[in-house]
Structures are given as structure tokens and as C-alpha cells.
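Structure record follows, encoded as C-alpha cells.
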Amino acid sequence: MAPVGARYWPVVTTVILALCSALAYGFSDFAAGITARRVSVWSVAICTQAASLLIIAAALVQPALRGAPDLSDVAWGLLAAVGNAMGTAFIYRGFATGRMSVVAPISAVGAAVVPVATGVLLGERPSVLVWAGIVAALPGIWFVSRVADTSREGTITPSGHAAAVRDAVIAGFGFGVLFVGLGQIPREAGLQPVVLSQLIALGLLIGAATLVRARWRPSRRAVAGGAVAGVLSGAANLTYLWATHSGPMTVAAILTTLYPAVTILLAAAVLGERIDRVQALGLLLCATAVTFVAAG
């Protein structure tokens with residue numbers, strides 16, 4: 001029988017790395033959100049993606065992070081790229097056509113459900129405590145992602161609301177696919193599939209922005225804000241990837257997708273935004289989820 005430390009340390013590493021990923025994603029979303037208040041969201045998304053690509057590509061100067069990917073590793077990277085671009089494009093379209101209070105929680109929960117369900121289908125068997133954490137996390141993510149957004153309520157038609165819900169579901173599925181794709185790239189493959197994934201996602205985003213005739217050419221402000229958000233997003237992708245190398249994807253994914261809680265806390269601390277009772281309940285459930293998953 002393996003020593004207790006040998007059995008549990010990899011899972012502890014997964015928990016720590018996944019929480020670091022959630023922190024980085026939360027800070028990245030906050031930086032991107034602040035920038036998008038002043039410039040086109042498409043230009044912010046593209047600058048963020050470009051900076052994320054550069055920071056991950058720069059990591060390849062370290063020989064230990066290079067590997068020998070095969071075709072299946074490249075395929076998972078391509079899947080992650082499609083999910084990344086799909087999630088980004090549809091969540092922005094959802095924000096444009098409907099209330100953020102509807103779009104944000106649906107997409108956030110979708111991003112959590114897809115990798116957890118995929119992990120179970122691929123044979124992962126979370127413990128009872130981890131399942132308890134997952135059960136606490138899903139409503140926690142929903143509650144903490146809800147934001148007060150009533151200013152446009154009278155201007156949104158039923159068809160616009162339905163379109164926003166549809167976009168949110170697709171966005172959540174896309175981000176979930178991103179987590180699945182990254183989670184299936186093994187340590188031996190190195191970072192080359194991730195770099196390829198980021199490059200393709202950037203091309204898809206530029207193509208989507210051009211297709212919908214959005215203003216996406218970066219301004220100086222978009223480049224500055226996108227650079228900050230992109231470096232953080234790249235770090236988040238890497239720490240999530242390494243979390244899946246140490247333990248189950250279900251654990252890594254459910255903890256990483258708690259990132260909306262980080263963004264909400266930052267908005268309260270930096271911008272003075274009020275945390276309402278529903279969001280406070282969400283934060284409590286997220287904290288409970290972390291406790292259960294870490295203990296499991």
C-alpha cells in the first residue's frame with residue numbers, strides 16, 4: 001500500500017493549482033471588464049487572447065516545458081481552441097442582446113458542468129466529499145455570477161431574452177469544452193498543443209469579429225488592458241493544465257470555475273460595488289465547495 005502522503009499529495013497539488021487558476025481567471029476577467037467599459041469588447045477579447053498566446057509561447061524557452069505531442073494531443077488542443085473562441089464570441093453576443101444577470105450565471109455553470117460530466121464519462125470517480133463540493137459549487141457559481149442589471153429591462157424583448165439565453169448556453173458549453181480540451185493534454189506533450197490552441201483561438205476570434213463587422217482593431221487602451229488580462233489568462237490556462245496533470249479533471253475544473261467569486265470580490269474591494277444577499281450566499285457556497293473538495 002502506498003504511503004498516505006504519496007496518495008494524497010497529488011490531489012492537494014491539484015487543489016492548490018486549480019485555486020491559483022481560479023484566482024488568475026478572476027483577476028483576468030476583472031481587468032478585461034474594466035477595459036471593456038471604455039473600448040470595444042471584441043478588441044479587448046482579441047488583445048487578451050494575443051497576450052495569452054505570447055505568455056504561453058514564451059514559456060517554451062524552458063526546455064522542461066517542451067514535449068513530444070502526438071496527433072491526439074494536437075486534436076485536444078484544437079478542441080480547446082474551438083471551445084475558447086466559441087465561449088468568448090457567444091458570451092459577448094449574449095451580453096449585447098440580453099441582461100448580464102441572465103447570461104453570466106448560465107455560462108458560468110455550463111463551463112463547470114461540461115468538464116465534470118466529461119470526467120465522469122471518461123472514468124473518473126470522485127469521492128463522496130468531492131461530489132458534495134460539486135453540488136455546493138454549481139448553485140454557488142450561479143448565485144455569485146448574478147449581477148443587478150435592470151437598466152435595460154424595458155428595452156429587451158422576449159425574443160432578445162431567448163436569444164441571450166441561447167447564447168449563454170452555447171458560451172458555457174464552449175468554455176466547458178476549453179477546460180475539457182486542456183484537461184486531456186498530457187504532461188508528456190509539453191506546451192506546444194496549448195500554444196497552437198491559443199493561436200487558432202486568436203484567429204477564430206478575429207474571424208468572428210470580422211464576420212459580425214465589429215470594431216476590433218486594437219486601440220492603445222485596449223492593448224494595455226488586454227495585455228494585463230492576457231498575461232493573467234495565460235497563467236490561468238497553464239495552472240489549470242498542470243492541475244489536471246496532478247489529479248482528476250473533475251476536481252481541477254470545479255475549483256477553477258469558481259473564478260466568478262474572485263471577480264465579484266475584486267469589484268467590491270476595488271470599485272466599491274455592493275455584494276447583495278444572493279451573491280453572498282454564492283460566495284458561502286463556493287467556500288463550502290472548496291472545503292469539501294480539498295477534504296475529499
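Note that Cβ sites are derived from N, Cα and C of the backbone, with glycine treated the same way.
Quick look at what TrEMBL annotates:
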- 6-27: transmembrane segment (TRANSMEM)
- 14-145: domain 'EamA' (DOMAIN)
- 39-62: transmembrane segment (TRANSMEM)
- 74-95: transmembrane segment (TRANSMEM)
- 102-122: transmembrane segment (TRANSMEM)
- 128-148: transmembrane segment (TRANSMEM)
- 168-185: transmembrane segment (TRANSMEM)
- 168-293: domain 'EamA' (DOMAIN)
- 191-211: transmembrane segment (TRANSMEM)
- 223-243: transmembrane segment (TRANSMEM)
- 249-271: transmembrane segment (TRANSMEM)
- 278-295: transmembrane segment (TRANSMEM)
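At the 8 Å Cβ threshold, with sequence separation of at least 6, the transmembrane segment (6-27) lacks contact with the transmembrane segment (168-185), having fewer than 3 such pairs.
Below 8 A, the CB atoms of the transmembrane segment (128-148) and the transmembrane segment (74-95) form no more than two pairs separated by six or more positions in the chain, fewer than 3 in all.
Remark: the transmembrane segment (39-62) contacts the transmembrane segment (191-211), by the rule of 3 or more CB pairs under 8 A.
When the domain 'EamA' (168-293) is classified with DSSP, helix, strand and coil residues number 104 helix, 1 strand, 21 coil. Count of Cβ pairs under 8 Å against the transmembrane segment (74-95): among 102-122, 168-185, 191-211, 249-271, the largest is for 168-185. As a summary of secondary structure, the domain 'EamA' (14-145) carries 114 helix, 1 strand, 17 coil according to DSSP. Mean pLDDT for the domain 'EamA' (14-145) in this predicted model: 88. Non-local neighbours of the transmembrane segment (102-122) in the same chain are 87, 90-91, 94-95, 134, 137-138, 141-143, 145-147, 161, 164-165, 167-169, 171-173, 175-180, 183, 248-250, 253-254, 257, 260; each lies 6+ residues outside the stretch with a CB under 8 Å from one of its CB atoms.
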